[in-house]
Amino acid sequence: MTKVLESQKVSLKGEIAIPGDKSISHRAVMFGSIAEGKTTVHNFLEGEDCLSTIECFRAMGVEINRTEDVVEINGRGFNGLKEPSQLLDVGNSGTTTRLILGLLAGTDFHSCLIGDDSIAKRPMARVTVPLRLMGAKIDGRENGQYTPLAVRGHALKGITYESPVASAQIKSAILLAGINAEGKTTVKEPHKSRDHTERMLGAFGVEVESDETSASVEGGQTLKGTTVNVPGDISSAAFFLVAGAIVPNSRIRLQNVGLNPTRTGIVDVLDMMNVKYKIEAERVESGEPVGDFVVETSDIKGTEISGDLIPRLIDEIPIIALLATQAEGETIIKDAAELRVKETDRISTVATELNKLGADITPTEDGMIIKGGTPLHGGNIDSHGDHRIGMMLAVASLITSSKVELERPEAISVSYPTFFEHLAKLSR
Ligand code: S3P
């Protein structure tokens, strides 16, 4: 599919409510499925990734009912999961694949995971290696490095694992396996990654010990069903934060945005790059801080983004790169080699696609160097099947001098199915 994005010459005004957080929606379904009793999830993200998670647990016999953005899960405990008679299809979702592996490892049945072409290229040894240290029996392409993966459920024992990368998916997979293991499981990481698993396990009645860079659980704990109110996804809001800052004569309000400190690296960058914004109506919902953003057209400045800021904004780097093309001065992004193993190699796809529109981005091994102040022109560009690249390019089209043709825009429904509706609502 190709979507023609006319050079809009618009300003952005008005307000939108940001859809539910992808990371939290996945976890709410997974934890509700292994909990005892009913779990109700409000403001569930109806993106394709989270729907893949629902289908995987339905295939293991869990009763899950969905009416628009409310999901009800009738959990029967971890031992209530049944051996799936079909492949578990994770679609495009790395979070589904990695977190579910941690659960499947400790079952007493056999299961097989399969996903799309992008999933088949994503590294899975980062979870299969530590899970095997716990006793897991996992096999797959290239000795368990890639999907399809087969899991023969097995008794697990707790470990202390030092992860070489700061990754919430690795940490979560090991902690979820740890709940069903004998003894204590600890995960240490080089920088703190998002902590939604730790917070939400607490809400489901599991005791988790955590500090700056480690988290631990004792095995043998059970989850109790609960109610989860999912905050809006700051990673989705980021596209409109940048749109509001770069489109002339704009001022927009983004309601209900999650402000978990492990996710707010983008807010630090707004400050560093001189973006005019305010956070209003700050509150706490279901253990997660939430607020509304007001953002307006800004005189943007270049900056350097590196170190422990990276895990706090890893999914926002494509849209930050676009912001940097409109800044005064250069922006340097480093320590972000993880971008190379996301839905696409995002260092390469960001540079290739934005440079087609006139940007001046030099990819480096672990980041990129972005020259500021480059006017953008029209052209034919491609999401490469990556939702965040698709949305970043659609935002870029708001400031191009002529029309943009975006290939594979349908990828956007992975995390933000109402993205184009929201963009139309704000465009004046
Ligand atoms: C996620 C963690 C991040 C992020 C992904 C969602 C999660 O990946 O990029 O979109 O829900 O745990 P890593 O933990 O691999 O960095």
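Glycine residues also receive a Cβ, built from the backbone N, Cα and C atoms like all the rest.
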Among R312, R340, R346 - the residue TrEMBL places in the same phosphoenolpyruvate site as K22, G94, R122, Q169, R388: R346
For R27 (3-phosphoshikimate binding site): intrachain residues, at least 6 apart, with Cβ closer than 8 Å: L99, S172, H196, T197, M200
Cβ under 6 Å from ligand 1: qualifying recorded positions of S23, R122, S167, Q169, D315, R346: S23, S167, Q169, D315
Distance, S23 (3-phosphoshikimate binding site) to D315 (active site, proton acceptor) (CA atoms, angstrom): 11
Helix, strand or coil at S167 (3-phosphoshikimate binding site) [DSSP, three-state]: coil
